[in-house]
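Q: OK, TrEMBL features for this one:
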REGION    77-100  region 'Disordered'
COMPBIAS  84-99  compositional bias 'Low complexity'
TRANSMEM  116-137  transmembrane segment
DOMAIN    118-272  domain 'EamA'
TRANSMEM  157-174  transmembrane segment
TRANSMEM  195-218  transmembrane segment
TRANSMEM  230-249  transmembrane segment
TRANSMEM  256-274  transmembrane segment
TRANSMEM  280-302  transmembrane segment
TRANSMEM  314-338  transmembrane segment
TRANSMEM  375-395  transmembrane segment
TRANSMEM  407-424  transmembrane segment
REGION    443-471  region 'Disordered'
COMPBIAS  461-471  compositional bias 'Basic residues'
Amino acid sequence: MRRSPDVSPRRLSDISPQLRQLKYLVVDEAIKEDLKWSRSVEDLTSGPVGLTSIEERILRITGYYGYQPWAASYKREERPRDSPGPAEAQAPAGAEAGGRTSHRCWRCSRAQLKKIFWGVAVVLCVCSSWAGSTQLAKLTFRKFDAPFTLTWFATNWNFLFFPLYYVGHVCKSAEKQSVKQRYRECCRFFGDNGLTLKVFFTKAAPFGVLWTLTNYLYLHAIKKINTTDVSVLFCCNKAFVFLLSWIVLRDRFMGVRIVAAILAIAGIVMMTYADGFHSHSVIGIALVVGSASMSALYKVLFKLLLGSAKFGEAALFLSILGVFNILFITCIPVILYFTKVEYWSSFDDIPWGNLCGFSVLLLTFNIVLNFGIAVTYPTLMSVGIVLSVPVNAVVDHYTSKIVFNGVRVIAIIIIGLGFLLLLLPEEWDVWLIKLLTRLKVRKKEETAEGAADPGSGPQSKNRRARPSFAR
């Protein structure tokens, strides 16, 4: 049926005052329940029996009456004729709502407690594995002075990422897939054609080189300076990631992160000044900063070229890096051995326990860092890296001749503060404004209540003290 042209449809802009009033509409709970059960999906198509006014239509759409068309399976004919009174209807509804609310609160609290518990476990695991691998590498170099060979040996263990992931998939997933099916599904991360030879050399090989450089520069720096300085300077990679993301990925500009980057650079300069700008310490600091830069470049290029990866895809990618290391990097330790740059007299002199312990700790650190987000917040994992700094400081205090002068302590605090500032979410200023606003409102309410109580106190006392003449 066509509408006549002289009759124009009623627009929502014509009823904007009514819409503003609906925002503050409060409906009794009994009326809500009554309307929810009395109005079903059939009312929408029942012609004159259905909704008649635009206000009721808007209430039905906005949900003020608790209307849920996807759950309205209760028909009007099936409703009992004798409906309970307002008091009787309100009590069961309130009890049911209270039961649901308490059950939801209990479930939320249990989920949050579980996530916090896992977060504490992940933080301790990240802190212990990172600090332990650093200290064990320092101990290894006393008998085995070959940082690149140690890097190559530890990177080969990356091959275990995908097998360990598949074991977890078989244990946890309801739909168990074969290794071949899971591998093909994860290979879609590289494109429609999967993992081809071209993709291997264009998308995997550059990251394998960056991975090797990051670990080699870090281990080589441990030979030059103490582990406390190495671990705290490596925390600057977070600032480098922000700067590269801002330049390359065009991420959102945040003033607080610029301040954090400035603090990181200032901490590097102060750390160099703490040792008196000796060549030995300057080289070590430069190696750590280079390692942090390679780590930041790895993360930014991964996001630029490959985007985000799921757990299986990340496990497959890290295993591919291990394969690349075995196939193409193995020749470098051999060349270094025969040129006597990294030489050892016999294989019996190699501390295999330290090498395997370092590789296991580094593998554990990377596993928790890549897959810990499944059980806790990513910010907590970053906090574990910061906590490794005081752990290394305590160990260095008792095992080496490190001098914690005022400049070094201030540099450590500045770099740690910059790292923590980089962990702030993008909407931290909005949350802070909301929190301050709530605190101001609560303070005003408490002030108003405090001002009202003294006024009523003397008044009531005067009334009580006044004698009553009328009996």
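Using the three backbone atoms N, Cα and C, a Cβ is placed for every residue, glycine included.
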Q: The transmembrane segment (375-395) vs the transmembrane segment (195-218): three or more C-beta pairs under 8 Å (separation of 6 or more)?
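A: The transmembrane segment (195-218) and the transmembrane segment (375-395): touching, no.
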Q: Among the recorded stretches 116-137, 256-274, 280-302, 407-424, which has the greatest number of Cβ pairs closer than 8 Å to the transmembrane segment (195-218)?
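A: If we count Cβ pairs closer than 8 Å to the transmembrane segment (195-218), 280-302 scores highest.
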Q: Should anything in the same chain at least six residues away from the transmembrane segment (116-137) have a Cβ under 8 Å from its Cβ atoms, list it; otherwise answer none.
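A: For the transmembrane segment (116-137), the nonlocal Cβ contacts are 150, 219, 222, 227, 230-231, 354, 357-358, 361-362, 364-365, 368-369, 372, 375-377, 380-381, 383-385, 387-388, 391-392, 395.
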Q: Of the stretches 230-249, 280-302, 407-424, which racks up the most C-beta pairs under 8 Å with the transmembrane segment (256-274)?
A: 407-424
